[in-house]
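**Q** A single structure is presented below for examination.
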Amino acid sequence: MLEERENKEPEMNPFQKNESKETLFSPVSTEEVPPQPPSPPKKPPPKICGSNYPLSIAFIVVNEFCERFSYYGMKAVLTLYFLYFLHWNEDTSTSVYHAFSSLCYFTPVLGAAIADSWLGKFKTVIYLSLVYVFGHVIKSLGALPILGGHMVHTVLSLIGLSLIALGTGGIKPCVAAFGGDQFEEKHAEERTRYFSVFYLSINAGSLISTFITPMLRVVFAMGSKIYKKPPPEGNIVTQVIKCVWFAISNRFKNRSRNIPKRQHWLDWAAEKYPKQLIMDVKALTRVLFLYIPVPMFWALLDQQGSRWTLQATKMNGNLGFIVLQPDQMQVLNPFLVLIFIPLFDVVIYRLVSKCGINFTSLRKMAVGMILACLAFGVAALVEMKINEMALLKSGPQEIFLRVLNLADDEVKVTVLGNENNTLLLESIKSFQKMPHYSKLHLNTRSQDFHFHLKYHNSSINNAHFVEEKSWYTLIIREDRENISSMMVKDEESKTVNGMTSLRFVNTLHNKVNISLDTAISLSVGEDYGVSTYITVQGGEYPAVHCKTEDKNFLLNLGLLDIGSTYLFVIANNTGQGPQAWKMEDILANKMSILWQLPQYALVTAAEVMFSVTGLEFSYSQAPMSMKSVLQAAWLLTVAFGNIIVLIVAQFSGLVQWAEFVLFSCLLLVVCLIFSIMGYYYVPLKPENIQETSDKHIPHVHGNMINLETKKTKL
């Protein structure tokens, strides 16, 4: 009879009170519940050295160290890999870099859904780690020069990055929340400190992986037997979305003024969903509302690997005892994090507390935003100073010209034409180093330039074709008893990434083969042959091996500064064998890379105050069933932050310093909005969330039939 009544629509009870339009049924037991024997006391999990910290978190922290070791080691060189290996321009490299970073923080939503509804946190971390490793393998294959052409490298790189994004993003919301699950509620203070140690392990892995990048994924599995493994609680993400959608649609259907209002808009889901879920979603939406301004912070923080690295390529990394590469400057961030986390936790926060200031989590995050604004203000000042030292840019219908006299006596050079005939008034001596280029004006975008050369008692007229916005060297050479000239196009921009650019002019009558090291060699044709530009690492080159058909000899190239471009003339005009005569085409980067230290210090302090605090805040404000969901939502804000950078990089059209100022101002406005929102936010303690849930949801044991709330007709 009970089964028949379950299948029927509930009928109207004549004794039912008329105040309510709906009948709520309590769960009914199908059989008498036998008394439950008292459960044996749970064995406490093993602790670390007698403390309140579970031993299992040691494996979680070490695993996170290894994962970040792998991720940041690859990401540190990613922008320069796009720039120099795939030969993309700076804006495309920046955009793809942030598109990848964004994807890494979109996939946590997928990881949270898999963990909560299917595999659980532990198995999700294990299985997606295998995807992660496979992505690294594909990405490494795409970087092999011998494997296919440019298209193959691009496709393999993008496939590998997609798998890495799925792997790293999928496990992100699980690892931090899984570590929090290992603690009992009475050890909330230890759990808060765990998140600081967890973030410390992230940056320790990042610090070391800037130089070395292996993929260690076995440590996490070693702690399998001692983990607390909460079982999957159903597809929480789907339940949240359906609950919110039903509440909105139900409220829309019941717009009549005759229907009583409800205390909260989510209460309109009560007809279909349990109150426990509704209470949890209420807590979730309160925190998600606070997350709306957060992506702007990540838009600034994540530019360390893109725009700041590109800025470093225009600076001098030679510190005397070591030469820093531009991508190695990123090591400052994790290094400073390792210093700042204990400094802030043990010293700064305690001093602020002793001063009677209630430095809440939201206030820490707001101060972090302000520090990030200051960091980008400093970055803008550095960029402006770099621009002051940069090369002059030739405009429309303009060129820059330099004359190199390789004849045995001085030559008088005259540029024919009304606008340019006053240039080069002085005679140019043999092998005279010209201190600078001269700007010449064209009548059209390209034309023939006519030069008059006076050498001894001879006069020669030559014409050379030039194009606007270019740099040229007019080389005057001996031609039997007379002279002639040739025009060569010069490098127009500085080299980057700790490299130096150089080329050779060979005045000998034999071809010269030059070996700069085991991997770099080139040939220069005889009788004033000019080589192409090659790039080498900056440093001392006292003995470069050279070879002609009949003899071998050494050239002393001296010190090659980072960012410079050199022209070497191989000549034998001293009677002591062939020698290299050096001329600096483009001066070295003069601004030291150490000027980036202040901006890195500020942005790292901002990260410690914002990111570490936000990670713990997200966990503490989430109901037990929503831990992974809220962690995923926190990581999702990083994805949207990278999308902001991608859009600005592609469509702003601003010079770099102005772009830095734009980001700083935008975050300042967002910080004001976030502060106002945080002022009205009342943080919830975990025990309060549990007490509220217990008050609304009775604990039912035994074999129960769960009946959904159904509407009845009056």
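Glycine residues also receive a Cβ, built from the backbone N, Cα and C atoms like all the rest.
I grabbed these lines from TrEMBL:
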- 1-11: compositional bias 'Basic and acidic residues' (COMPBIAS)
- 34-45: compositional bias 'Pro residues' (COMPBIAS)
- 1-45: region 'Disordered' (REGION)
- 69-87: transmembrane segment (TRANSMEM)
- 99-119: transmembrane segment (TRANSMEM)
- 125-148: transmembrane segment (TRANSMEM)
- 155-178: transmembrane segment (TRANSMEM)
- 198-220: transmembrane segment (TRANSMEM)
- 283-301: transmembrane segment (TRANSMEM)
- 331-352: transmembrane segment (TRANSMEM)
- 364-382: transmembrane segment (TRANSMEM)
- 632-654: transmembrane segment (TRANSMEM)
- 660-682: transmembrane segment (TRANSMEM)
**Q** Does the transmembrane segment (125-148) reach the transmembrane segment (69-87) with at least 3 CB pairs under 8 A, where each pair is 6 or more residues apart?
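**A** Judged by the Cβ rule, the two regions touch, with the required three close pairs present.
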**Q** Checking distant contacts: for the transmembrane segment (660-682), what same-chain residues at least six beyond its ends satisfy Cβ-Cβ under 8 A?
**A** 286, 289-290, 292-294, 296-297, 299-300, 303, 307, 362-363, 365-366, 369-370, 372-374, 376-377, 379-380, 383, 648, 652, 654
**Q** Establish whether the number of Cβ pairs under 8 Å between the transmembrane segment (364-382) and the transmembrane segment (69-87) reaches at least three, counting only pairs separated by 6 or more residues.
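**A** No, the transmembrane segment (364-382) and the transmembrane segment (69-87) are not in contact.
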**Q** Checking distant contacts: for the transmembrane segment (99-119), what same-chain residues at least six beyond its ends satisfy Cβ-Cβ under 8 A?
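**A** Those are 75, 78, 127-128, 161-162, 164-166, 168-174, 232-238, 302, 305, 625, 628-629, 631-633, 635-643, 646, in sequence order.
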